[in-house]
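Feature annotations, reproduced from TrEMBL:
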{"type": "DOMAIN", "residues": "29-110", "note": "domain 'Manganese/iron superoxide dismutase N-terminal'"}
{"type": "BINDING", "residues": "H54, H102, D191, H195", "note": "Mn(2+) binding site"}
{"type": "DOMAIN", "residues": "120-221", "note": "domain 'Manganese/iron superoxide dismutase C-terminal'"}
Amino acid sequence: MAVRSLATRKTLTLGLNSTRLTQSRALQTFSLPDLPYDYGALEPAISGEIMQLHHQKHHQTYITNYNKALEQLHEAIQKGDSSTVVKLQSAIKFNGGGHINHSIFWNNLSPIREGGGEPPKGSLGWAIDTNFGSLETLIQKISAEGAAVQGSGWVWLGLDKELKKLVVETTANQDPLVTKGAHVVPLLGIDVWEHAYYLQYKNARPDYLKNIWKVINWNYASGVYEKESA
């Protein structure tokens, strides 16, 4: 299945007071992207049950709440309600971040029969060797930092476009990598929230981080790297 656009151009038309505006405004909303593989295609690294719950329930909840917060923000701006605009920022960051992060995460995974786990080649492979010494060293670093995240969050491989180098970063909760700076582009993100692994791995996050490399889609990461480093 092809991945739908992250920003589906479905709109909510909000009827506004004609004394304030002469026409209605269209508000863009977001919808759940399809996965490019079946739920069970990543087994045994990640179970089909986890993938289905993670995609249909958790990701969908972030999108639902993100759309709701955006609608409330739109209305608050029209009313000039600055207090509500400020209050909504945390909900927009959390739920919008959840949508952004998961949309990247699904593309960072691929079934073994479709190339999942195959080492990166070309310019990204060269950059990994240059910045970290080897792919094995990078995997150990990402796994260690992901395991050390307190509570919930993400571990990332990013491209720092200002420093022109690869970086490993962690973010808390659903903070997207852009919170580290607009110049840091996500190439690979691994979800270390318990909902990503608990049904299968219980509290053994390091085991999840060990096995997920078997289905990492380095081809996707390489494509982003080549585009952003050009």
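For all residues, glycine too, the Cβ spot is worked out from N, Cα and C.
The Cβ of H195 has fewer other Cβ atoms within 10 Å than any other of the binding-site residues H102, H195. Cβ neighbours within 10 Å of D191 (Mn(2+) binding site), excluding its own Cβ and spanning all shown chains: 24. According to DSSP, the secondary structure content of the domain 'Manganese/iron superoxide dismutase N-terminal' (29-110) in residues is 61 helix, 1 strand, 20 coil. Sitting within 8 Å of the Cβ centre of H54, H102, D191, H195, and not among those site residues for Mn(2+), are the Cβ atoms of H55, H58, H59, F105, W193, A196. Over the domain 'Manganese/iron superoxide dismutase C-terminal' (120-221) the predicted model carries a mean pLDDT of 98. When DSSP labels each residue, the domain 'Manganese/iron superoxide dismutase C-terminal' (120-221) comes out as 50 helix, 25 strand, 27 coil, counted as helix, strand and coil in that order.
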